[in-house]
Amino acid sequence: MAQRLLLGRFLTSVISRKPPQGVWASLTSKTLQTPQYNAGGLTVMPSPARTVHTTRVCLTTFNVQDGPDFQDRVVNSETPVVVDFHAQWCGPCKILGPRLEKMVAKQHGKVVMAKVDIDDHTDLAIEYEVSAVPTVLAIKNGDVVDKFVGIKDEDQLEAFLKKLIG
């Protein structure tokens, strides 16, 4: 109890009375925040670093952990899967990855996205004949039905996803 009082007094003396603006407002929007409480007349907001994102991207995108995980979540999936073979050092991958995640999220669960780092999962990259990154595969019922290499704009990605969903 004493710790809460001390924390409340400290926060009262440190935190400004203005609501978050600018960069902080954008960081706290679209997040699940803990309840606000009143400390000496001030409304205390949680730190943006302690918020939980609840965007659809988190629900439709996953990182492949190993070969059996790929088999279970991609090959055996009843939902069509877009597989993004990428690398940490790849510049175009850093552009395509978020763009592709956004487009997959817009499909509302009709397709999911698996991300495979080729440096961590060389065996999968070899098995699926990935010779350059980014390489994106469309897998439906365990079979590769489409593929592209390189960066694409949003219109091309949308057409790629629509073709996969059918």
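In case you wondered, yes, glycine gets a Cβ from its N, Cα and C as well.
Annotation comment: Swiss-Prot describes K152 as N6-acetyllysine, evidence class similarity to another entry. Secondary structure from DSSP puts K152 (N6-acetyllysine) in coil. The Cβ of K152 (N6-acetyllysine) has L96, R99, F160 as same-chain neighbours under 8 Å, each 6 or more residues away in sequence.
Per Swiss-Prot, the feature N6-succinyllysine maps to K152.
Around the Cβ of D84 (site 'Deprotonates C-terminal active site Cys'), the same chain contributes C93, L96, G97, L100, M113, A114, K115, V116, P134, V136, each under 8 angstroms and 6 or more positions distant in sequence. The secondary structure of D84 (site 'Deprotonates C-terminal active site Cys'), as reduced to three states from DSSP, is extended strand. Annotation source Swiss-Prot lists site 'Deprotonates C-terminal active site Cys' at D84.
Summarising the environment of G91 (site 'Contributes to redox potential value'), the number of other Cβ atoms within 10 Å of its Cβ, over all protein chains shown, is 11. Mapped onto three states, the DSSP output places G91 (site 'Contributes to redox potential value') in helix. The site 'Contributes to redox potential value' annotation in Swiss-Prot covers G91 (among others).
According to Swiss-Prot, the feature site 'Contributes to redox potential value' maps to P92 (among others), an assignment based on similarity to another entry. Every protein chain considered, the tally of other Cβ atoms within 10 Å of the Cβ of P92 (site 'Contributes to redox potential value') stands at 15.
Taken from Swiss-Prot, the feature transit peptide covers 1-59, and the record attributes it to similarity to another entry.
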